[in-house]
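Note sheet for the following structure.
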């Protein structure tokens, strides 16, 4: 798992590295149609801008809230990349609660995006490392489904744990993980061709039973997958399911698999986030009952009623992206979606109800939390076009209290882990089909 190959010299137009990259860029784009950019929506144009590796994107229009925190000055300086403290309009907000750890923390809300809350550095350094261990060691394994389970027969103790034990014995490249296709009874895969986009119907109380009973066939293992070393599979890990099982083929939940367990530390962290936000400052102006659904605005009850019951752990490598999308699969379409950033920094884009609205770009660093809530924000297009190289903070590279941290630090050099959780069912809803 080599660290990212990005060179800070690419940010210097006079450097040999920059000039070489410029020549390669011209060579690969000289036949691109001149009108192609005019066909992009504003959201797509932003994705292209920040995804580009040459020229390196200008981050001066990206909101970087770490610049407002003197305690993160060293983290910003070490990370090469930096945004701007005033790139988009926002309002600062204090947090509520008696926990002493919240006393010096702030939250930020955005008039143009009611329901969006960013809590920089909300997760302590120790808890960030604990969450990384949980995500890789404890969670990305049976019975929690991962993207690799479709194609490989993964080690019973979990891919990461097997990798760690093989590294300790010096046999990391000698053991092969076998493909699943040879033992699968699933139907044969569709012939190759253009990727089919799935347009899922927004879930709600009125169509829940129809969506819940829609057939959700298992994914078909690839017949071309070859036996692969454990070490080679580690950077191919992309996601691990949390709670209710999400069916990627239909973009709906597969309730027939039952409700998975949400680890208490993650559950409690998400609930603490929701309880610490002053929702009257965030959503008091968003009282259109029609937009909130038949039960009307319920943010006043979230301190007690919010209960995360589904989510996903995303594992992004520095060349990975999460393109613009809208979350439509939860019956509870307004309650908070809590997203936790760990490892390398990223550019987060949030727009409006269509891709035709230009998105806000926000710099997310390790320990930052984003909350999307309310009818407008939960249905807003959002994505992550760029994981930023060389941005792993020092506290994620070194743990003086744990000798085993080096293997995690090595993996994180080119990785961002995102833990997000949401509430599928509104309070009092009976999900029995």
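For all residues, glycine too, the Cβ spot is worked out from N, Cα and C.
Nobody curates TrEMBL annotations by hand; they come from automatic prediction.
Feature region 'Disordered', per TrEMBL, maps to range 178-231 of the set 124-177, 178-231, 232-285. Among the residue ranges 1-35, 36-70, the one that TrEMBL annotates as region 'Disordered' is 1-35. Neighbouring residues of the recorded Fe cation site, listed in sequence order and excluding 325, 327, 382, comprise 324, 326, 380, 381, 383 (Cβ within 8 Å of the Cβ centroid). The binding-site residues in question are 325, 382, and the one with the fewest Cβ neighbours inside 10 Å is 325. For residue 327 (Fe cation binding site), the count of additional Cβ atoms within 10 Å of its Cβ stands at 18 [all protein chains shown]. Note on the region 'Disordered' (1-35): residues 53-56, 80, 231, 234-235, 318, 389-390, 410-411, 413-414 of its chain, located 6 or more positions outside it, place their CB under 8 angstroms from a CB of the stretch.
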